[in-house]
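Residues annotated as signal peptide in Swiss-Prot, with sequence analysis given as evidence: 1-18. Annotation source Swiss-Prot lists domain 'Peptidase S1' at 42-266. Sequence annotations record features per position, and here Swiss-Prot assigns disulfide bond to CYS67-CYS83, CYS192-CYS207, CYS218-CYS242 based on sequence analysis. What Swiss-Prot records for HIS82, ASP127, SER222 is active site, charge relay system, and it gives similarity to another entry as the kind of evidence. Per Swiss-Prot, site 'Required for specificity' is recorded for ASP216.
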Amino acid sequence: MSNKIAILLTVLIAVVACARAQPSRRHPLVQPRSPHGSGHRIVGGFEINVSDTPYQVSLQYINSHRCGGSVLNSKWVLTAAHCTDGLQAFTLTVRLGSSRHASSGTVVNVARIVEHPKYNEYNTDYDYALLELESELTFSDVVQPVALPEQDEAVDAGTMTIVSGWGSTKSATESNAILRAANVPTVDQEECREAYSHDAITDRMLCAGYQQGGKDACQGDSGGPLVADGKLIGVVSWGSGCAQPGYPGVYARVAVVRNWVREISGV
């Protein structure tokens, strides 16, 4: 009997370890009462005003916060392809100029979705989608485009960044109403590949976070901005859980598709 119990415990430990290692996309919360929880913000971060990140938008599916996004110019927003995969443009809007995803600011309809032609839903490679807006934006101190890197512009490991959004905080005590941000350093590409697997982390991906965890993007932040020195270097994409030790957040690297963004949007 004791041998059977020992075998069962060994199998259980292996299953749990395997589950923790499986990367999960920062899938949006389609319904406000998702079984994943009702929180909507960055883990381990701090509240900010949208004027601190005026390029930030809330991408909304049938009037509910789904993902983040970044203003590129008066007609285009960049988000993650896994946020728009399988959806029609008429079901989407963006809210801009508000620190709250559910009120205030300006709401604009999405006219067209352009996902990257190489987007792979199975490994989340090329996780980029451009959204053409129905009407032009009016810029102000709370609505501004973000600067973009040049094609293939490198980002040094250890570069401090800011990631923002309304994704899950994993905390029952924090309000889900206000925009949050966290400062996280970029991680060496090889270190990130060792954390996950060499096949999981492609050249279109960029990692950021602390070895000890504690600060990260999470569900509901997908598609949102990772900015360094005023430039949009990443799009919130996926990770193993949220803010887990040893597993940095994974972002879609913007510099790799700079020419594609320019070709589609003119930016």
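Just so you know, glycine gets a Cβ as well, placed from its N, Cα and C.
This prediction places the mean pLDDT of the domain 'Peptidase S1' (42-266) at 92. Checking each of the recorded positions (CYS67, HIS82, CYS83, CYS192, CYS207, CYS242) against ASP127 (active site, charge relay system), the C-alpha distance stays within 10 Å for HIS82, CYS83. According to DSSP, ASP127 (active site, charge relay system) sits in a coil region rather than a helix or strand. In this structure the C-alpha atoms belonging to CYS242 (disulfide bond) and CYS207 (disulfide bond) are separated by 13 Å. Under DSSP, CYS242 (disulfide bond) is assigned to coil, being neither helix nor strand in the three-state scheme. The distance from the Cα of CYS67 (disulfide bond) to the Cα of SER222 (active site, charge relay system) comes to 5 Å. The subset of recorded positions (HIS82, CYS83, CYS192, CYS207) lying with their Cα within 10 Å of the Cα of SER222 (active site, charge relay system) consists of HIS82, CYS83, given in sequence order. According to DSSP, CYS83 (disulfide bond) is assigned to a helical segment. If you count neighbouring Cβ atoms within 10 Å for each of the disulfide-bonded residues CYS67, CYS192, the highest count belongs to CYS67. Every protein chain considered, the tally of other Cβ atoms within 10 Å of the Cβ of CYS83 (disulfide bond) stands at 29. Between the alpha carbons (Cα) of CYS192 (disulfide bond) and HIS82 (active site, charge relay system) lies a span of roughly 21 Å. Within 10 Å of the C-beta of CYS242 (disulfide bond) we count 24 further C-beta atoms, all protein chains included.
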